[in-house]
Amino acid sequence: WCSTCLDLECGASRECYDPCFKAFGRAHGKCMNNKCRCYT
């Protein structure tokens with residue numbers, strides 16, 4: 001687990017962009033182990 005990971009199931013990295021933007025203000029992230037990891 002990491003501080004920039006979201007407990008959100010994903011199937012593709014693009015599914016993480018909007019949640020990452022809402023959570024951290026940047027629409028950058030990737031799908032790792034079916035969870036979103038955001039880049040900040």
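Note: Cβ is positioned from N, Cα and C throughout, glycine not excepted.
As annotated by Swiss-Prot, disulfide bond applies to Cys2-Cys5 (among others). In sequence order, Met32, Lys35, Cys36, Arg37, Cys38 are the residues of the chain that are 6 or more apart from Cys5 (disulfide bond) and have a CB within less than 8 Å of its CB. Cys5 (disulfide bond) carries a strand DSSP state (E or B).
Positions annotated as disulfide bond by Swiss-Prot, on the basis of similarity to another entry: Cys10-Cys31 (among others). For Cys10 (disulfide bond), other Cβ atoms within 10 Å of its Cβ number 19. Classification of Cys10 (disulfide bond) by DSSP places it in coil, neither helical nor stranded.
The disulfide bond annotation in Swiss-Prot covers Cys16-Cys36 (among others) and rests on similarity to another entry. Annotation note: Cys36 (disulfide bond) sits in a strand segment as assigned by DSSP. The Cβ neighbour count for Cys36 (disulfide bond), using a 10 Å radius over every protein chain in view, is 23.
Among the features that Swiss-Prot reports, disulfide bond is placed at Cys20-Cys38 (among others), with the record citing similarity to another entry.
Counting every protein chain shown, 16 other Cβ atoms lie within 10 Å of the Cβ of Lys30 (site 'Basic residue of the functional dyad'). Residues annotated as site 'Basic residue of the functional dyad' in Swiss-Prot: Lys30.
Sequence annotations record features per position, and here Swiss-Prot assigns site 'Aromatic residue of the functional dyad' to Tyr39. Neighbour list (Tyr39 (site 'Aromatic residue of the functional dyad'), Cβ cut-off 8 Å, at least 6 residues apart, same chain): Thr4, Cys20, Arg26, His28, Gly29, Lys30.
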Within 10 Å of Cys16 (disulfide bond) (Cα to Cα), which of the disulfide-bonded residues Cys2, Cys10, Cys31 do you find?
Cys10, Cys31
At the level of the C-alpha atoms, what whole-angstrom distance separates Cys10 (disulfide bond) and Cys2 (disulfide bond)?
16
Return the single residue from the disulfide-bonded residues list (Cys2, Cys20, Cys31) that has the minimum number of other CB atoms within 10 Å.
Cys2
